[in-house]
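Feature list (source: TrEMBL):
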- 14, 17, 29, 33: Zn(2+) binding site (BINDING)
Ligand SMILES: [Zn+2]
């Protein structure tokens, strides 16, 4: 699978991993990334205002 950018075509990219998004899962590339984003959104929603949120940089396969 090639990963070459196509000039002139603004393809949506997965906000999670940056891969080209899947048409059926836009803007995500996979169900997994979709769940990841959902989890982030929820955790952000549950965050208490005034509490500094530390950015997580975990990369688990
Ligand atoms: Zn992705």
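Yeah, the Cβs are placed from backbone N, Cα and C, and that goes for glycine too.
In TrEMBL, annotation is done automatically, which means it is predicted and not curated.
Because the structure is a prediction, the values reported are computed rather than measured.
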Env. residues of Zn(2+) site, Cβ within 8 Å of mean position of 14, 17, 29, 33 Cβ: 13, 15, 16, 18, 19, 21, 28, 30, 32
All-chain count of other Cβ atoms within 10 Å of residue 17 (Zn(2+) binding site): 12
Coarse DSSP state, helix versus strand versus coil, of residue 33 (Zn(2+) binding site): helix
CB contacts for residue 14 (Zn(2+) binding site) [other CB atoms within 10 A, all chains]: 21
